[in-house]
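Colleague: One structure follows; several queries about it will come next.
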């Protein structure tokens, strides 16, 4: 069990946006968080990364409250939005910076990036542009790759498929499947039911901050979800 | 069509996000402009008396003629500084069914709506009516008016054209600056005088008014040049920045500071690559001339260092004060990422200390040119520098943990009040006042004791730096969620 959430609550302007009684994520699981806009997925991620303070309850990562110590940062990599990128750097500079935070040298970073050449589709490296001048999809690629480069035990991605071109979506999906291992726990939020059910072993369905459904995927999952969302 | 454009700009202004600050800035600018226009009116009407009073015995016409081109030379330089390119406003219209001609015309006319274009008319026209007309006849007076009006047009479109081509290719700035330096140097050495040249030109027009037609031709030429350039380059990417290749850089000298050095290098890139921090720091270089207002010979001779402390602390610490006051706000856009990544907050503060300390040392080195006035100034600067590195940095960084305002670093710094809050206004008070409080009692023993006294807390602050870093980290951790939340609100 890597993540344990107890009685977690976040209230904005009188409206409860996250309200989770009890939720545990096991080591090695790939979990998809789905739900319509306002379901509280991003807020949950932000609390998990200690970016916002819960109004009540706690999130334990490997048994330690994320709000109390920075221990989780060592094994957690995340990409939520462009706010995670340093947009006045070139992608290379950004990767090297992120690498340096995890004691990776320049050559190590470059070696790692070489394995992502296909994913980048020749659109990221050596383009002579700052990150702010890239399209949203390519910015996403930079953010996701930077997260993967940290070789985390816990990977948190908020809507990784959004803004990506179809080829890259398929490549990312395949790659996430390939990365699956007992040592990597992945949390993905997405609006694309197809992709989530394809990649994830477990689906957690949110509505207005509450967990509505929590189940392991099988061949009927997609139909069930489609039925739920078309109500 | 033109009125629609103007209407859109008007509504855009009123609905802009940080309306309060923009409007406050505009109101102050407006009052200032009204004041200046008033002054210009006054100057315009009593120009003759003014010339008589300040340059008694000089021929009034000679002085007036000499003033004209002098005024417009300075006017041109000022325009390069403050006149904005009204181009970005048209991007949402480029793809619509609107003729290019109309867009270009809009840009032409929009650029004329500026106070700068009114000043010279108010200053020079009354004199022309009252003095040139009666003396040289109506035709000459008319030609004067035409020439001055044409010069306004020439400067307006000339400055815009120069800004446009220099935005595309920065290299054109170099010969321009050289030319400027050459003219200024010749003027200084009294080899070539703009005033004398101007006088010769306008005296000639006074006698042969027909020659004045030269000016409208000149204005039309630059207008046509500008017009052609705009018509051929009305594309978003060409109107904004040059498509120059950005390369990766690193600063090996910071490597030995480890993780803190990496973060400091990051911040140097932030300053160099973004408009607002870049402008803010460059402004600090201009402030280095501040000392000339304060360092009077009698103060230096009588060792009145107390009166020299303010400029000394301000000049050697201006990046600490002016750049530091918005601290963390500069990184507002990527602040979430900073928090979620494995960035140690201690290193973050150490990086700030390195950066601010190095900047204070650099500024102190740059201000050493005041040493030509007296070596005593160097002693004052050194004391101020040590104080700034040891004390001001801590004060500024403490206030940084109480600053929750997001800053858009891609916007210009001029009249930009985004990010200013009570804490940013307050922080300069303790920084600038406490040296006096230390200096005054000690200066009763001797002025040099007072200076030494100022270095004591500075050195103490340096020696106990790790304690202060720990203190700042604790303060930061108390409020980091509030800071991050504030930065997420892109108002």
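The backbone N, Cα and C atoms fix where each Cβ goes, and this holds for glycine too.
The structure displayed is predicted, hence computed values, not measured ones.
As annotated in TrEMBL:
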{"type": "TRANSMEM", "residues": "B:21-47", "note": "transmembrane segment"}
{"type": "TRANSMEM", "residues": "B:59-82", "note": "transmembrane segment"}
{"type": "TRANSMEM", "residues": "B:103-125", "note": "transmembrane segment"}
{"type": "TRANSMEM", "residues": "B:137-160", "note": "transmembrane segment"}
{"type": "TRANSMEM", "residues": "B:172-195", "note": "transmembrane segment"}
{"type": "TRANSMEM", "residues": "B:201-225", "note": "transmembrane segment"}
{"type": "TRANSMEM", "residues": "B:279-296", "note": "transmembrane segment"}
{"type": "TRANSMEM", "residues": "B:308-332", "note": "transmembrane segment"}
{"type": "TRANSMEM", "residues": "B:353-373", "note": "transmembrane segment"}
{"type": "TRANSMEM", "residues": "B:379-400", "note": "transmembrane segment"}
{"type": "TRANSMEM", "residues": "B:420-442", "note": "transmembrane segment"}
{"type": "TRANSMEM", "residues": "B:448-473", "note": "transmembrane segment"}
Colleague: Which bits of the chain, at least 6 residues beyond where the transmembrane segment (B:308-332) starts or stops, bring a Cβ under 8 A of a Cβ in it?
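Modeller: Distant Cβ neighbours of the transmembrane segment (B:308-332) are 267, 270-271, 277, 280-281, 283-284, 287-288, 290-291, 293-295, 299-300, 338, 352, 356, 359-360, 363-364, 367, 377, 380-381, 383-385, 387-388, 392-393, 396-397, 399-401, 403, 405-407, 409, 419, 424, 427-428, 431-432, 435-436, 439, 454, 483, 487.
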Colleague: With the transmembrane segment (B:353-373) as the reference, find which of B:59-82, B:172-195, B:279-296, B:448-473 contributes the most Cβ pairs under 8 Å.
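Modeller: Of the candidates B:59-82, B:172-195, B:279-296, B:448-473, B:279-296 scores highest.
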Colleague: Taking contact to mean three or more C-beta pairs under 8 angstroms, with sequence separation of 6 or more, is the transmembrane segment (B:137-160) in contact with the transmembrane segment (B:172-195)?
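Modeller: They are not in contact.
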Colleague: Determine whether the transmembrane segment (B:201-225) and the transmembrane segment (B:21-47) share at least three Cβ pairs under 8 Å, counting only pairs 6 or more apart in sequence.
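Modeller: Taking Cβ pairs at least 6 residues apart, the transmembrane segment (B:21-47) and the transmembrane segment (B:201-225) are not in contact, as fewer than 3 fall under 8 Å.
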Colleague: Under an 8 Å Cβ to Cβ limit, what residues of the same chain, 6 or more beyond the ends of the transmembrane segment (B:172-195), are close to it?
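Modeller: Result: 66-67, 69-70, 73, 77, 162, 165-166.
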Colleague: Hey, which bits of the same chain come close to the transmembrane segment (B:59-82), Cβ under 8 Å, at least six residues off its ends?
Modeller: 47-48, 51-52, 116, 119-120, 123-124, 127, 131-132, 135, 147-148, 151, 154-156, 158-159, 162-163, 180, 183, 194-199, 201-203, 206, 414
